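What Swiss-Prot records for 33-53, 77-98, 113-133, 178-198, 226-246, 288-308, 320-340, 347-367 is transmembrane segment. Per Swiss-Prot, the feature heme b b562 binding site maps to His83, His182; the stated evidence is similarity to another entry. Positions annotated as heme b b566 binding site by Swiss-Prot: His97, His196. The annotation ubiquinone binding site is assigned in Swiss-Prot to His201.
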Amino acid sequence: MTNIRKSHPLIKIVNESFIDLPTPSNISAWWNFGSLLGICLILQILTGLFLAMHYTSDTTTAFSSVTHICRDVNYGWIIRYMHANGASMFFICLFMHAGRGMYYGSYTFSETWNIGILLLFTVMATAFMGYVLPWGQMSFWGATVITNLLSAIPYIGTNLVEWIWGGFSVDKATLTRFFAFHFILPFIILALAIIHLLFLHETGSNNPSGMTSDTDKIPFHPYYTIKDILGLLLLILMLMLLVLFSPDLLGDPDNYTPANPLNTPPHIKPEWYFLFAYAILRSIPNKLGGVLALILSILILAVVPLLHTSKQRGMMFRPISQCLFWLLVADLLTLTWIGGQPVEHPFITIGQLASIMYFSIILILMPISGIIENHLLKW
């Protein structure tokens, strides 16, 4: 009799995706982040579901309902902080996962890569709308500033912003629809993640060497299930250290003040994981130009496969490209720091230089380094 995991229509899909999946024998810990992202997503959906049971999406009671969750609901505080800090963990894993894709040339799987970019946009939209829900000062003003950027679109901009707001300012209608979207989007993300995996399993995984590994595959279980569990334990350790010891470390103190349309906070800034894009947005004095730069800062990932000039897939044996890659990482950290600073003299210039650097490395320097390294191979 055939084993049930190989014959049952449903279990067979799970078996081919997580048990008998042929996997390269040499993939490193950088390949752990995909499974960690899946776990983060499930964690966010579950904690979010329990929060939604007690949350009210009304401007008069939203702030109070979040306070009620933290004070009166059984273990409400831990659910709320796991959800808030879980988002930070989600983005750390996302950046690591995308960075690994860039470093090892995984972007040559163009369908998987493009679905990944779409996933990144969707997760960013979800996180932004989630940040609005507690209805604190930074929630309200963050929503006002970011949605207002759409008014830079010629001709239809103003109408578009008012349509999204559901009125002439960020108010009850905005909060209600943001809650609805914030609830539905994670399930769309889940569907996209399944498509992402579907495309990946068409080609099989890449590996650190960038060479084909068809001759050297091992089953996913038990080798990589054990490896993923180790990654999961480290993720949970980091998350719980944050949640239990300094839950507000990554948040903004202004969000503990109820939203007040008559009082603007001195520095309006998004959560830390958007600061790099926010810095790029602010570095351009023109409103429409800034919005375009903001969108392009993520959309630029779509042209990375087109700009691949090297004969080698990954950067494992390409020292010049490696230097540029780590320069790009340092540049993104600089942009993240600048995004959290006030718009004053040294920070403006640093932000502009870092923004130019960001686009230059990806669009100009990386392709040139690939060509140079091709010539070095002939020596």
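Yeah, the Cβs are placed from backbone N, Cα and C, and that goes for glycine too.
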Stretch contact, the transmembrane segment (178-198) with the transmembrane segment (288-308), Cβ-Cβ under 8 Å, 3+ pairs: no
Cβ contacts the transmembrane segment (33-53)/the transmembrane segment (226-246), at least three under 8 Å, sequence gap 6 or more: yes
Same-chain residue ranges lying at least 6 outside the transmembrane segment (226-246) that approach it to Cβ under 8 Å: 29, 32-33, 35-36, 39-40, 78, 81-82, 85-86, 88-89, 93
Long-range neighbours of the transmembrane segment (77-98), counting only residues six or more past its ends (CB under 8 A): 30, 33-34, 36-37, 40-41, 43-44, 47-48, 50-51, 66, 69-71, 116, 120, 123, 127, 130, 235, 238-239, 242-243, 247, 250-251, 271-273, 301
Cα-Cα distance linking His201 (ubiquinone binding site) and His97 (heme b b566 binding site), given in Å to the nearest integer: 17
Which of His83, His97, His182, His196, His201, the listed binding-site residues, has fewest other Cβ atoms within 10 Å: His201
Contacting positions for the transmembrane segment (113-133) when only residues 6+ beyond its ends and CB under 8 Å are counted: 55, 57, 62, 66, 87, 90-91, 94, 97-98, 101, 106-107, 139-140, 142-143, 146, 174-175, 178-179, 181-182, 185-186, 188-189, 192-193, 195-196, 199, 270-271, 273-274, 298-299, 301-302, 304-305
Between His83 (heme b b562 binding site) and His196 (heme b b566 binding site), the C-alpha gap once rounded to whole angstrom: 24
